[in-house]
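Trainee: The following block contains the structure, expressed as structure tokens.
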Amino acid sequence: MLGLALALCNADRVVMSVAIVPLSQAHGWSQSFAGIVQSSFLWGYLMSPIIGGALVDYYGGKIVMACGVTLWSMATFLTPWAAETSLWALLSMRVLLGVAEGVALPSMNNMILRWFPQTERSGAVGIAMAGFQLGNAIGLLIAPIIMSQAGVFGPFVIFGLFGFLWVLVWLFATSSTPDRHPQISRYELNYIMKSQKLPMPDIKEPEKSRMIPPFRKLLSKMPTWALISANAMHSWGYFVILSWMPIYFNTIYHVNLREAAWFSAFPWFMMAVLGYVAGAGSDMLIRNGTSVTSTRKIMQSIGFVGPGVALLGLNMARNPFVASAWLTAAVGLNSFSHSGFLVNLQEIAPQYAGVLHGMSNTAGTLAAIIGTVGAGFFVEQMGSFRGFLMLTSLLYFISAIFWDIFATGERVSFNGAG
């Protein structure tokens, strides 16, 4: 269910990456203005992760995820109406989509923290994030087909309705914690609690984190900054590729919209596969005695150095097939980050995993806005994607070094006044 929710999350956001081409042609938008429309989702995404993370830590992932999916499905469903009403209405719906989707990953982290022991969390995150990346691929592949039959706004309506259906199933089929699930066996519950080294629950409510987290204490530790910088770099590369690759293939290699979507979609399938492989490999390393800290550094190094090298290769590609191969390597290797910083959020301060995710996600969203808008202006001024890809590659290498110096897989003490 988490994987399906995250697939919807990305499918709803990536539709605009395909629709932006005909919309730009219809309205006469420049590359830089198209970047602003693309980034409007991120304006909303900037607002909610910290607040959403605190709500997740306090109320649990089930209810917060349900509220988030309901709101972002409504925003997706209403996008056609907004686009026909005014530009401001369209931007407002994209902002609402971003606000609602900002709670998705903190909710996912919270549910996995409560339901899985440490030795299985990387694999669980890998499966959930595989859904996340498949949402990109599905959106990029299906959107042009639906548009050809139902118009440019058809995918927004269909994906929005599917989200409402998901919420109904989620509310009746899941629980925030294992002990509240009506169909869980005593054996499975005992295994989960014992593996997490938690007492078996009786009638006591699960302990909640402080509603107002100790932000000063959280920001006083370098592992927190390692998470923040890693999320910022991950989001910069992720959203630049997600937002601009259909336009990249359309303008650089002069392929049509459907072909551009196909070239852009395959890397996300690879990211889903390699994300699962990275999760299974990470869990295996820990079970075989590799320290959690070393495992997280290995995974994150692959997740940054690999894409950095691949983007340099993309710059030298002479045809769309070679470019797609390099792009597939960049996006696929980026998935190792899911077994790096993304799992690490649960480890250094599990009681504040949601708000830590929110803080790092906010930094990531700021970086994504700068990268997405900056790419548009850069291409408009320089007439090429080449320089921007080289800059992104350099930032990947710098971020890998910072992570390897300051990250830890051990629990960090944030006790004291905030």
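Glycine too: its Cβ is placed from the backbone N, Cα and C atoms.
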Trainee: In TrEMBL, one of 63-81, 82-100 is tagged transmembrane segment. Which stretch would that be?
Mentor: 63-81
Trainee: Could you check whether the transmembrane segment (152-173) packs against the transmembrane segment (63-81) - three or more CB pairs closer than 8 Å, residues at least 6 apart in sequence?
Mentor: yes
Trainee: Give me the mean pLDDT over the domain 'Major facilitator superfamily (MFS) profile' (1-411), rounded to a whole number.
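Mentor: So the average pLDDT across the domain 'Major facilitator superfamily (MFS) profile' (1-411) works out to 82.
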Trainee: Is it true that the transmembrane segment (125-146) and the transmembrane segment (298-317) have 3 or more CB pairs under 8 Å, sequence gap of 6 or more?
Mentor: no
Trainee: Does the transmembrane segment (355-379) reach the transmembrane segment (225-245) with at least 3 CB pairs under 8 A, where each pair is 6 or more residues apart?
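Mentor: Between the transmembrane segment (225-245) and the transmembrane segment (355-379), which are separate recorded stretches, there is contact, as judged by 3 or more close Cβ pairs.
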Trainee: Same chain only, please: residues at least 6 beyond the ends of the transmembrane segment (225-245) with a C-beta under 8 Å from a C-beta of the stretch. Say none if there are none.
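Mentor: Those are 13-14, 17, 35, 38-39, 42, 136, 219, 260, 263-264, 267, 300, 303-304, 307, 311, 327, 330-331, 334, 337, 340-341, 344-345, 348, 356, 359-361, 363-368, 370-372, 375-376, 385, 388, 392, 395-396, 399, 402-403, 405-408, in sequence order.
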